[in-house]
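What TrEMBL annotates here:
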type	residues	note
ACT_SITE	B:LYS205	active site, proton donor
BINDING	B:LYS105	NADPH binding site
BINDING	B:GLU190	L-homoserine binding site
DOMAIN	B:348-431	domain 'ACT'
Number of protein chains: 2
Amino acid sequence: MKNYRIGIFGLGTVASGLIKILKKEKINYQNRFNVNFELSQVVVHDLQKKRAPEFDGLNISDDPAKIIEDPAIDIVIELIGGKTVAKNIIEESLQTGKHVITANKDLIASEGRKLSRLAKEKHVGLFYEAAVAGGIPILRSLSNSLASDEIEQINGIVNGTSNFILSQMRQNKISYAAALKTAQEKGFAEADPSNDVDGIDAAYKLQILADFTFGKQINQRDIQMGGIRTITQADLQDVTDLGYEIKLLASATVISNKLELSVAPTLVPKGHPLASVQNENNAVFVNGRYSGGLMFYGPGAGEFPTANSVAADLIELTKKIDQPESFNTNFSSDLTLAKPKDRIASRYIVFNVANRPGVMHKLSAFFLMSDINFRNIRQYDPVGDNTRVVIITYPASDAQLNPVKTTIRKARGVEIIHEFKLLIEPKEVTNA
Amino acid sequence: MKNYRIGIFGLGTVASGLIKILKKEKINYQNRFNVNFELSQVVVHDLQKKRAPEFDGLNISDDPAKIIEDPAIDIVIELIGGKTVAKNIIEESLQTGKHVITANKDLIASEGRKLSRLAKEKHVGLFYEAAVAGGIPILRSLSNSLASDEIEQINGIVNGTSNFILSQMRQNKISYAAALKTAQEKGFAEADPSNDVDGIDAAYKLQILADFTFGKQINQRDIQMGGIRTITQADLQDVTDLGYEIKLLASATVISNKLELSVAPTLVPKGHPLASVQNENNAVFVNGRYSGGLMFYGPGAGEFPTANSVAADLIELTKKIDQPESFNTNFSSDLTLAKPKDRIASRYIVFNVANRPGVMHKLSAFFLMSDINFRNIRQYDPVGDNTRVVIITYPASDAQLNPVKTTIRKARGVEIIHEFKLLIEPKEVTNA
């Protein structure tokens with residue numbers, strides 16, 4: 001039996017779940033994996049905070065040195081989140097030869113590569129399965145089972161809050177504001193929901209996913225961003241009638257050796273597995289040259305699902321503790337970022353136009369200018385002096401569409417409410 | 001760069017796919033994993049068979065000794081299938097210290113444990129991700145990412161042929177016979193489809209899944225088996241109206257430390273992710289005490305998806321070639337098999353009854369005898385002297401239902417056409 005001493009930073013939801021799992025499964029892990037995990041020290045920010053009685057026996061301190069400077073501690077688990085303090089903790093732990101497990105997506109999104117290199121240099125492990133899509137084992141699958149494949153595209157519903165809001169709007173025919181309120185009441189959304197509904201949280205996860213999938217550490221500014229705030233019941237009615245669901249997708253696609261990155265509301269055809277992902281669940285759909293279309297579905301957050309991902313990292317780490325191979329250190333590609341002419345998709349565009357003769361004539365002239373063809377058009381009965389027009393186009397590039405949008409912004413009587421892409425589906429692989 | 005010499009048994013669909021992948025990805029694998037795979041020898045049954053020109057340069061023989069007795073060959077890949085010859089090949093390869101990768105579900109279903117023990121004894125690796133659900137990395141996920149969890153239930157759509165037939169019947173409102181014909185024309189079903197439509201193929205996969213999930217090598221005779229041959233459009237209409245899909249599910253459930261195993265048509269609620277798995281696709285849904293409900297979805301067969309699973313095994317094997325840890329060798333549990341009183345589910349039961357007074361009175365008396373309550377009842381207009389009656393019951397055990405069925409078999413004017421269970425959903429985990 002091998003014994004490992006563990007130090008945990010933080011005692012929030014995930015840490016609580018982990019401590020309960022390690023206690024409950026102690027004998028099970030001893031029998032099955034021949035390891036014993038000994039929880040030596042917990043470090044918290046606020047020592048005065050009231051803790052549940054089940055944590056009574058723990059060594060709790062507010063001094064990070066109790067973990068970092070204790071040579072007996074083998075493995076550090078960082079669960080405080082945020083970028084500054086967490087970064088110091090992880091760097092110092094790696095420097096002193098401790099293995100590190102974290103669930104910190106914000107930090108790993110930008111520093112994952114650098115920290116992984118440091119871990120490799122120090123011959124210790126660094127794992128962070130819980131950082132993306134909570135309980136879904138997507139990083140380990142990309143790193144192990146899918147490493148033999150050439151991935152062409154990855155599409156993730158990786159923000160449970162926004163998926164919950166969109167699902168509630170769709171199921172109960174309620175407004176964005178009402179659905180957000182429900183999400184806040186259930187504890188799925190914060191008082192300021194910006195991080196979730198504007199796609200920032202999903203973008204962090206996309207940075208990590210893109211690194212694992214395409215071997216490239218990307219900047220958040222290279223991701224085309226869009227949020228769900230402007231989506232209305234009228235949109236949901238349109239897309240439902242036309243055979244789609246709207247999902248906030250984090251997407252990374254390789255097209256002719258160019259990498260296209262976006263987090264945005266996207267129209268997903270109803271038959272696609274991503275279309276049926278409801279409420280706070282997450283899913284990541286991976287299109288591989290060989291493996292075809294795979295989807296990994298499950299809870300994207302929560303005390304036990306997320307803690308279980310940390311526990312799985314722990315066990316995997318100890319399986320090859322002498323030569324721990326951190327996630328994804330040897331994989332880099334020379335992909336460049338897609339340019340506007342490379343970013344091709346069908347578009348769902350919603351207009352508010354003046355209700356008078358010639359408006360559709362003018363609108364269609366703008367699109368003809370860029371040689372963009374329409375697939376569906378809907379004009380609704382006017383409300384006041386204006387009317388809602390919805391157009392789905394055939395595939396067109398941003399380079400084609402951007403001048404149309406510029407022209408429309410200058411034109412009178414026509415206004416774009418919003419524009420979402422339709423999911424691009426890679427052609428089926430018929431021959432390697 | 002480490003060089004590995006590979007011998008492949010078989011040159012069918014999966015072997016062809018693998019050879020193409022290894023050729024196309026050679027440089028990629030060298031760069032990313034620092035390994036070179038050298039295809040030293042292929043052994044086939046029929047040397048005279050015409051091969052595609054792309055295999056011209058290969059060393060092809062019909063003598064197994066060319067691989068097994070060649071000390072220079074490090075890794076044997078068995079892709080001939082079947083139980084007898086394949087078993088000898090794998091055993092002899094392991095005995096001579098070669099690592100083995102196989103896609104052979106029939107053999108692994110019954111001999112997986114024994115062969116894994118032999119591999120361990122000889123300090124070589126034995127992997128077989130491709131044996132279950134083709135391109136879906138389910139075995140490695142169960143073995144790595146989910147090993148920290150206590151799995152409560154696993155439900156798989158693991159036979160693409162039967163799922164294709166059921167999907168076609170549902171989508172195109174055609175009969176079982178017509179859908180089977182389409183499947184045969186598309187090459188999804190064989191001339192004798194028994195293995196697929198009677199659940200035998202799915203049962204092999206369930207044996208392997210249950211071993212990984214619950215640490216128990218089970219016999220096929222311990223699985224309650226049912227096939228899809230008797231399903232009609234009337235059934236599909238009923239279940240659709242009532243909010244379900246019928247899927248051929250391979251299920252393993254732990255209820256109070258008893259293991260319940262079945263391969264049978266099962267009513268899945270429409271909102272459940274398994275309900276939306278269409279056509280030849282596969283999916284495995286795993287309910288874990290901590291991870292909640294996870295689903296792994298993708299192609300269950302095909303040249304490249306299956307070959308990619310073999311390629312992933314190859315790369316994982318070489319990552320720890322000195323201490324290869326075969327799938328699942330240290331996991332065993334003391335679960336006993338569920339008895340009829342433990343096997344509890346709601347039932348969908350279809351009757352053919354005589355169209356005369358008193359029949360429903362008699363039928364309901366039979367169920368009252370076992371204290372079984374009804375949730376839905378539908379009686380249709382008669383066809384000739386008989387009429388179709390459909391009952392969905394509240395949860396009842398096999399021990400409750402079996403005497404009812406015996407009584408009905410002896411009664412006049414009442415006949416059971418078939419009886420399917422509704423998916424049992426484990427209660428949500430609220431506290432560990």
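Along the chain as shown, the residues are counted starting at 1.
Placed from the backbone N, Cα and C atoms, the Cβ positions cover glycine too.
Residue pair B:GLU190 (L-homoserine binding site) / B:LYS205 (active site, proton donor) shows a Cα separation of 18 Å. Between the CA atoms of B:LYS205 (active site, proton donor) and the residue listed as 'NADPH binding site' there is a gap of 6 Å, rounded to the nearest whole number. Counted with DSSP, the domain 'ACT' (B:348-431) comes out as 24 helix, 33 strand, 27 coil.
Annotation note: B:LYS205 (active site, proton donor) sits in a helical segment as assigned by DSSP.
Classification of B:GLU190 (L-homoserine binding site) by DSSP places it in coil, neither helical nor stranded. Taking a C-beta cut-off of under 8 Å and a sequence gap of six or more, B:LYS105 (NADPH binding site) has these contacts in its own chain: B:TYR128, B:ALA131, B:VAL132, B:ASP201, B:TYR204, B:LYS205, B:ILE208. A sphere of 10 angstroms centred on the C-beta of the residue listed as 'active site, proton donor' encloses 24 other C-beta atoms. Secondary structure at B:LYS105 (NADPH binding site), taken from DSSP and collapsed to helix, strand or coil, is helix.
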